[in-house]
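Asker: Just passing along the structure, written as structure tokens.
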Amino acid sequence: MMSIRQRREIRATEVSEDFPAQEENVKLENKLPSGCTSRRLWKILSLTIGGTIALCIGLLTSVYLATLHENDLWFSNIKEVEREISFRTECGLYYSYYKQMLQAPTLVQGFHGLIYDNKTESMKTINLLQRMNIYQEVFLSILYRVLPIQKYLEPVYFYIYTLFGLQAIYVTALYITSWLLSGTWLSGLLAAFWYVTNRIDTTRVEFTIPLRENWALPFFAIQIAAITYFLRPNLQPLSERLTLLAIFISTFLFSLTWQFNQFMMLMQALVLFTLDSLDMLPAVKATWLYGIQITSLLLVCILQFFNSMILGSLLISFNLSVFIARKLQKNLKTGSFLNRLGKLLLHLFMVLCLTLFLNNIIKKILNLKSDEHIFKFLKAKFGLGATRDFDANLYLCEEAFGLLPFNTFGRLSDTLLFYAYVFVLSITVTVAFVVAFHNLSDSTSQQSVGKMEKGTVNLKPETAYNLIHTILFGFLALSTMRMKYLWTSHMCVFASFGLCSPEIWELLLKSVHLYNPKRICIMRYSVPILILLYLCYKFWPGMMDELSELREFYDPDTVELMNWINSNTPRKAVFAGSMQLLAGVKLCTGRTLTNHPHYEDSSLRERTRAVYQIYAKRAPEEVHALLRSFGTDYVILEDSICYERRHHRGCRLRDLLDIANGHMMDGPGENDPDLKPADHPRFCEEIKRNLPPYVAHFTRVFQNKTFHVYKLSRNK
């Protein structure tokens, strides 16, 4: 219907000098037009050019990613069931609620179906708005109903175009953050170029469109840009209030759209705590940001019908602990260096103890177990004890939750991003150490950053914030590959800022005794322009080839399965199987599920372990009893799981089940001494032999090269 065959052309970079009016230490008066009016016109011209480029580069990025998605799947030409199957795993589950809202006769009935849902988990009625972050699907479905676009735009296109539109906002926010830090829009342009040329490592939106992070990260980028502006000194009261409003709205939307928001904002709170403790950030502004975090989470908690996982989050406990510790420990920022260092360590210890105490109390009061799998995973990941816990091992064995692969740095180096990032990071870290030591040594210093005497090494609060932010999120990305998208996008911002920053070049030129205002001007503009030319020369042909390469979605086995389910099973039939496949069953057929990929619920995790016994060494009677306890009518077995080769021994799903059940694993290799041989063969293999014990409980009703569907008998 709507073929996305977009074209991109790149313009020569306009080398238009942007006067950084806020930078006191940049002496480029001889480059600026004389007179107040001329300066104002110059500033307006620079803002107009920079703003126009920001909007254009954001829109072009959005079109580029949408075109890649279209070319990869031929999305405009494939059938509706194929489009839905292309939303893999949890993506399909989230999209199914958008589809469900649109299919409801009225909005009221649609809301009622989400609040009293009995199809996502069989034999249970759950509140989906409480359990999952799907308000964005609700909002889009309402918008699609209200707007007069039904005749011109299919629902699926309205959905995916919204996500690609958010990518335009995302890139624009990164551009603005870099611009705010450096004082020139040229750094924003470089950040956007790096984001696009490092697309493999900065986004995955084109093949995981409905994923929660693709909704949330644009708002996260807006929040970082707003915080960067908020931390500037001497803001006008009106500007400060408007910026706080922007921070609150973006923080709220970020929290509403992603279930892992609390962990990302905890990292931000640690950034604020570090900078506040080292006198590198005004305490009043840190307090405002702590308060916004708590308020946003509590508001989301209310909208999610008092979701206990939010109330029991470490973020709320940590922020409250910071406020309490401040009241208990006064005069923290006075005294000699050793005195202040001792106070700081005591303050840190007090905050950590209070955080753990409050969090433990809240979880006991609420009887909260929803996030315990995350802490089990972290404990096992960092070697704090071996575990046979199925849920923890399920995460540990997934590549996305492993360490960041080394070849990532090779790809980032090809675009010069990693080299520039290390260069800027090394300089700013050195400056940060000097400033922190100066602040701790000067007992009379009160928020001395940005107010030091002339000639002293200086680190502005907004720069300090982005520095600690990129370091902490860098550690997160190095430890967990899935989180690299939070780091690599900010890496583009931080590296481009440094190359265009007059402070960085001034410090560097002074250290080699080559300081001159003209040289600063030459370096901060020539270096990014040369890199932009290099990126265009090296990557433009490849991007054009990528845009011209046409593929087509092809998954005939899954399409055949979904068509068979739609045609040959009752509408109220209950299906069991792998989490990933059942999300597609829910979307394509509307059938009831036993389990699904949204894993943030303890009872669901127990269900999933029970259902997954179809891939363990269990007796047919036991498997039948387990499945029937969830009302299962049909079970889908996948050869790709039963005979899995993607993971190594010990990480295959069947191995994780064997270990959790105390059974020895298949194949050559060692087993723990206490593991014992199973009393029964593997269920998913043995059922295909049609032996009497299996035939008595299971009847095969569908089979193709990938899937085997069995109907369960109702006898006990």
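Every residue gets a Cβ built from N, Cα and C, even glycine.
Copied straight from TrEMBL:
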type	residues	note
TRANSMEM	44-66	transmembrane segment
TRANSMEM	179-195	transmembrane segment
TRANSMEM	215-232	transmembrane segment
TRANSMEM	244-270	transmembrane segment
TRANSMEM	290-323	transmembrane segment
TRANSMEM	344-362	transmembrane segment
TRANSMEM	418-441	transmembrane segment
TRANSMEM	462-481	transmembrane segment
TRANSMEM	487-509	transmembrane segment
TRANSMEM	521-540	transmembrane segment
Asker: Could you check whether the transmembrane segment (487-509) and the transmembrane segment (244-270) come into contact, where contact means at least 3 Cβ pairs under 8 Å with the two residues of each pair 6 or more apart in sequence?
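Answerer: By the criterion, they do not touch.
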Asker: Does the structure show the transmembrane segment (462-481) and the transmembrane segment (244-270) touching, where I'm treating 3 or more Cβ pairs under 8 angstroms (sequence separation 6 or more) as a contact?
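Answerer: Between the transmembrane segment (244-270) and the transmembrane segment (462-481), which are separate recorded stretches, there is contact, as judged by 3 or more close Cβ pairs.
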Asker: Below 8 angstroms Cβ to Cβ, which residues of this chain, lying six or more residues outside the transmembrane segment (344-362), approach it?
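Answerer: Long-range Cβ neighbours of the transmembrane segment (344-362): 273, 277-278, 311-312, 314, 316-318, 320-322, 324-325, 328-329, 332, 368, 440.
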